[in-house]
């Protein structure tokens, strides 16, 4: 199995009802509940979309010691669904999806497919709600659906020669950023060590695509077009940073982090082989760490899990490799 020093491992979203959300991701996208962590008043569910050939690596019962031992030891990426017990019975609880003014921040998850139209037809037949169908709007050939809490999920085409037999692979998390120079320095610096695969620039906005690259992987292609193709061939997900031009010049501009009202998106998470060193590097670079209240809320445990804030204030969990929380 590939080794790593630091790798991006999770995107956490608050959900209202796991009895609805878990089947949504499992049945529609082939995700698998790998583990769950029970707190005093909440449960965190970790879902992965492994290659079919690797399913045996995820066969331990969720909540078992064996599943917990593997959770932050194997190289994978999770959708972490965070449920506060009791909210499913409260009709007033509604989580924010991050795409409505004035609370824009988190954008979407994404799954890649060989045929957007065919996969969307199957999702529509299964009763999935659409934000945008493939032929609607200006951008043809991609779609956005909504999960049970109305978080957006992009359905996007992978490269024609990707060669995956599986219909879906988890391929993106998108966050809006105010200043790409600061955000790229944070995520691609010496602490978190992501790589900038490629960037796409348009009249009013730019997109930056970042990836954690394990040590054992072949070197990335050298040119822009080749890297773009590589991104659409890879099984591993991409962290997409979206920058609306001009926001970096507005000192008062802020994105909504999801950890103040209205609640929704929670965090991205990174597993590190040396938690102390990763935290020290971030502190040296001037990163802010979450206050005691937010750290406690997000499950911080000294020596196992710390919470740092990225330049936009999004929570970033730093998890010691092999930690059992």
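Positions of Cβ are set from backbone N, Cα and C atoms, glycine also.
What TrEMBL says about this one:
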- 154: active site, proton donor/acceptor (ACT_SITE)
- 80, 108, 154: Zn(2+) binding site (BINDING)
- 5-158: domain 'VOC' (DOMAIN)
- 169-321: domain 'VOC' (DOMAIN)
*Fill in the CA-CA distance, the residue listed as 'active site, proton donor/acceptor' to residue 80 (Zn(2+) binding site), as an integer in Å.*
17
*Conformational class of residue 108 (Zn(2+) binding site) under the three-state DSSP mapping*: strand
*Which whole-number mean pLDDT does the model give the domain 'VOC' (169-321)?*
95
